[in-house]
Structures are given as C-alpha cells and as structure tokens.
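Have a look at the structure below, then the notes.
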Amino acid sequence: MEHPDSILIVDFGSQVTQLIARRVREAGVYSEIAPFQSAAAAFERMQPKGIILSGGPASVTTENSPRVPQHFFEAGIPILGICYGQQVMSAQLGGNVIVSGDGGEFGSAFVEVKSPCALFDGLWAEGERHQVWMSHGDKVDAIPPGFTPVAVSTGAPYAIVADEARRFYGVQFHPEVVHTPDGGKLIANFARHVCGLSGDWTMAEFRETKIAEIRAQVGKGRVICGLSGGVDSAVAAVLIHEAIGEQLTCVYVDHGLMRAGESEQVVSLFRGAYNIPLIHVNVEELFLSGLAGITDPELKRKFIGKTFIDVFDAEAKKLGGAEFLAQGTLYPDVIESVSFTGGPSVTIKSHHNVGGLPERMNMKLVEPLRELFKDEVRALGRELGLPEIFVGRHPFPGPGLAIRIPGEVTKERCDILRKADAIYLEEIRNAGLYDTIWQAFAVLLPVRSVGVMGDGRTYDNVLALRAVTSTDGMTAQAFQFPGDFLPRVATRIINEVKGINRVTYDYTSKPPGTIEWE
Ligand SMILES: Nc1ncnc2c1ncn2[C@@H]1O[C@H](COP(=O)(O)OP(=O)(O)OP(=O)(O)O)[C@@H](O)[C@H]1O
Ligand SMILES: O=c1[nH]c(=O)c2[nH+]cn([C@@H]3O[C@H](COP(=O)(O)O)[C@@H](O)[C@H]3O)c2[nH]1
Ligand SMILES: NC(=O)CC[C@H](N)C(=O)O
Ligand SMILES: [Mg+2]
C-alpha cells in the first residue's frame, strides 16, 4: 500500500540528502528519496503531497546538468528547493543562475528576514537575523516570474525566495544540517504547515512498512542474517524474523578480530533473548592468514568484506542454500562507501558491508535499515522491544580489531590490543561513563617508544585511546574525560599489558578525522 501522505525527495547527489529525509521523518511525515533520473516514476507511484529538491555537486550553468521533471511544477503541490534544488528550480522556471564571482559561501552565514513567508510562519519574523549553513559556488541572480526574495544573506541576495501562490520555495542554504539551528523546524514547517500533512507518521509505521517490504522481497526464500551482536544487526534480525519467521537463520562470524569475551557474550545473550536459530562459526585462522602481509586500510577492508561473504556463502550451502543475505547496514556505512543513488559522491572508506563487498554476489541483499541513522535504529530497536543491553551498545565495526591495528595484523597484536581495550572499557563502565560516550576503543599503533620500568629500559608499543560523542556517527567530537580518568587508565594498561609502554589520547573530531583510524 502506498502511503497516502508522503513527500518525495529528489536527490541531486548531495552528501546530506539523507538528512533531509531524516528531518522529514522527525516531523512525523513519511518520505522517500528518488534519484533525479527516476523521480518521475517515483512521483507516479507515490502521488506525493509535496516535493523537496536536494542539493548536489553539479552546476546548473553547465550543459546536461541534472533537471527536475518539468511536470512536477504543474502538479499543484508545494516544492522546496535546497541549494542546487533552488538553483535548478529557478533555471527551469525562467530565472537565471550564475557562477559566483567571489567563489561562493561555505560554512556559517546569517540570513535577514525581509518579508513574511509560509515557510517560516510562526518561526521567523521580519527584521530578524538567523544563522544558517551555506555550501555553494553558484547563485541565483534572477528569480523566476512570480517569486519574491523573502530573506537575504551577504553572499546570496536570494537566500530564501518564495512564490506563495504556487507554494514554491527556494533556499540557498542547507536547512537539513545541524549547523542551521532552526533548519529542522523549517523543514517541519514545510512538511506540515505548507504541505498540510498531519505529522502522525511513527517508528511503529516504519516497522510495518519494512515488514511488508521484506515479505514482498523475500517471498518464500531462505534468508541468512549476519549477526554481530551490534545494535544494527540485532534490530535487522528481529525485524526480519517478525516478517518471515522460520525462513531466517542468523550467522555470527568469529573472525578472531572481536574484543575479549565478546563471542561468548553475544551468542549467549542472543540465544537467551530470542528463539531465532543462530550459527556460531569460528574462522579466525581463515581471516588472520588472509590478512598476513596486508597493511593498506582499503585492502584490509576489501579482504574482510569478501571473506565475510565467502563464510556466509559456505554457511548458506550447509543449510541447503539461501537466496538472501541480510545485514544491518545503515546509511552512514553507505554514504562513506559509495553514493546512495550511484551519484557522484566521494568514497571515504569502504565499509566492509557495502564498499567492501565483492563485485559478484550469489545472494541478494536484504537491508531494511539502509536509510536510517544509528539513533533512529536505536528508536526502532526500542519499538521492537529489544533488551537495552543490545540497544545501548557502542558500535563496533565489522572488520573489528583489524582496522584498529594500523599496519600488519597479527594474532599477537590482536591479543595485546584485546587486553588493553578490555581494561579501558572496564574503567569506562566503572566510572559510569559508558552511556554518555557514543563509542570508545583503543588503537595499537605501529610505533615503538622508549620507556623505563623498574630501572630497566623498555622499547615497546604505543597505544592510542579514543572516545567520541556523536548522535549519528556522521560527525563526532572527542569525549572530555574527568581529570584523573585517563592517567589512571594509562597506568593500568602499562602495568597490566605486556607489550605497551606508552598511552596517548586522540582529540581529533570528525571531520576532519574519522572515528576509526583506518
Ligand atoms: N562478526 C560478524 N558476524 C556476522 N555479521 C557481521 C559481523 N560483523 C558485522 N556483521 C554484519 O555487518 C553489518 C554491519 O556491521 P556494523 O558493525 O556496522 O553493524 P552492527 O555490528 O550490527 O552494529 P554496530 O554498528 O552497533 O556495531 C552488521 O549489521 C552485520 O550484518
Ligand atoms: O560495520 C562496519 N564496517 C566497517 O567497515 C566500518 N568502518 C567504520 N565503521 C564504524 O562506522 C562509524 C563511523 O566510522 P568512521 O568515522 O571511522 O567512518 C564508527 O562507529 C565505526 O566504528 C564500520 N562499521
Ligand atoms: N550544495 C549544493 O547544492 C551546491 C550546488 C552547486 N553545486 C553550487 O556550488 O552552487
Ligand atoms: Mg558492529
């Protein structure tokens, strides 16, 4: 069943298109993203009550740059164009776009409200200045007939434009990012006030929609689900089980790159909580021998991604074949690996479950969480009644300790890191800090340093500790520990873990760093 009250988001390849969808979901409105190439078909199917045009890397001024299907402008429904979306709408409706002579605006800016507008009704008033976030090199220099400028910024005379009669709005800035403090409210105002939608869409409905989709995709087929003990795969498994029951078998892969005691804990926790068949495979030797000699982070990720699939294939065969592989893939895994829509976004790192997958796969993927962000998955997990011990767990990457050992991965180095990591996490739990930190872990550096212990010289490994706060893993800040915490942990690790004689703390935020070191 198509959703009666929906918004169609047309994707022009922005890195943050999914954030638009997220803001619309937060407003309690159902939305779908369609790449501009297939937007017309999505429109036909969805019969949306409003349209949002995303930003994108292209320039409207170049020949063959992406366009909106022209009939969208004759459908009589509200349209909000964001950045590229505003530019392309202006160009198609008789305005003009130029490359900014001054190179554009990037980062924080202020808009000044000139006249009232339904887009910010009840939110912003005339004469006020509001912070927004800009990222553009082009700008609209003539607005189409019917439009008026309702807010300006220093670099963009048409920071917000509106054609109230047709309910078309264009913003040069990005309301979907957190750096536009009122952005979420603007998008909610568009979805509810301008489009007239009720805002009663919930995670409970998301659950129902996904269950129907899973049933339609899988039919009577057999599914195996990679279960890691992390929240994403636990939520995916429980959701899929609700959809197809006994057609599902979970597979936990112990690749020898897990944390201390993790395998036993995950398997017993899951078996204790759910009556879903779970196979525990031990393939440490396969992974460690294959990783021998590999030092490049991308090569490690590709090897791990492919070997995971080999293991899933082998397990599927033992079960008499499976047509589908389910994974708890989330949106950040996707956007960092490749563009969601096949558009021109940049690869940051190949997450093992997306960019690290082999080119040819025997099984088709079932990934019901592919559009969500971590905190939304947690909300869905709570909706599904998952125990808090799964829902609240820090994320742990599929490639595990392999990407926390820059340089070559060996069993000996894994063992050293496992011990240090366990002490760090134990201290974090004892200090009552686990739930305020988004993710914490140790990294074993390929660096040795000189120390003095018991009057003797040591020449041993350096360990870096990392802890970050975040909401969705897309951006992160280093966690500020209380004064005596880090010295205490450093002392314990150096005293208790043979092979480490120096401990450092990583203060890098994301961006410019990433959370993991590789
Ligand atoms: N050891 C493993 N065994 C089986 N499947 C795995 C394993 N590690 C990762 N996966 C698969 O890869 C997917 C992506 O891993 P990822 O770490 O992003 O998610 P997660 O482990 O489910 O949750 P979290 O991000 O909280 O750790 C998982 O959802 C799961 O399907
Ligand atoms: O399952 C995964 N497979 C991967 O290949 C992978 N790489 C990074 N991560 C996790 O993703 C989040 C963002 O990490 P980065 O800032 O390092 O990209 C953090 O939570 C990382 O731990 C991965 N998870
Ligand atoms: N963020 C965007 O949508 C950018 C639009 C266009 N590429 C510009 O630079 O102006
Ligand atoms: Mg994980």
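Backbone N, Cα and C define each Cβ position, glycine as well.
Around Cys83 (active site, nucleophile), the C-beta neighbours below 8 angstroms that are at least 6 residues distant in the chain are Ser14, Ser54, Gly55, Gly56, Ser135, His136, Val171, Gln172, Phe173, His174. In the three-state DSSP classification, Cys83 (active site, nucleophile) falls within coil. If you look up TrEMBL, you'll see Cys83 marked as active site, nucleophile.
The annotation active site is assigned in TrEMBL to His174 (among others). Following the DSSP three-state reduction, the secondary structure of His174 (active site) is coil.
Counting every protein chain shown, the Cβ of Glu176 (active site) has 28 other Cβ atoms within 10 Å. For Glu176 (among others), the entry in TrEMBL reads active site.
For 201-393, the entry in TrEMBL reads domain 'GMPS ATP-PPase'.
Residues or ranges marked as ATP binding site in TrEMBL: Ser228, Gly229, Gly230, Val231, Asp232, Ser233, Ala234. Listed in sequence order, Tyr252, Glu262, Gln265, Val266, Leu269, Phe270, Phe390, Arg393, Phe396 are the same-chain residues six or more apart from Gly229 (ATP binding site) with CB atoms under 8 A from its CB.
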Report the member of Val231, Ala234 (the binding-site residues) whose C-beta atom has the most other C-beta atoms within 10 angstroms. Ala234
List the binding-site residues Ser228, Gly230, Val231, Asp232, Ser233 whose Cβ sits under 6 Å from any atom of ligand 4, in sequence order. Ser228, Gly230
At the Cα level, what's the spacing in Å between Gly230 (ATP binding site) and Glu176 (active site), rounded? 28
Three-class DSSP assignment, Ser228 (ATP binding site), comes back as coil
Rounded Cα separation (Å) that holds between Glu176 (active site) and Asp232 (ATP binding site): 24
Should we count any of the recorded positions Cys83, Glu176, Ser228, Gly229, Gly230, Ser233 as near ligand 3, judged by a CB under 6 A from one of its atoms, and which? Cys83
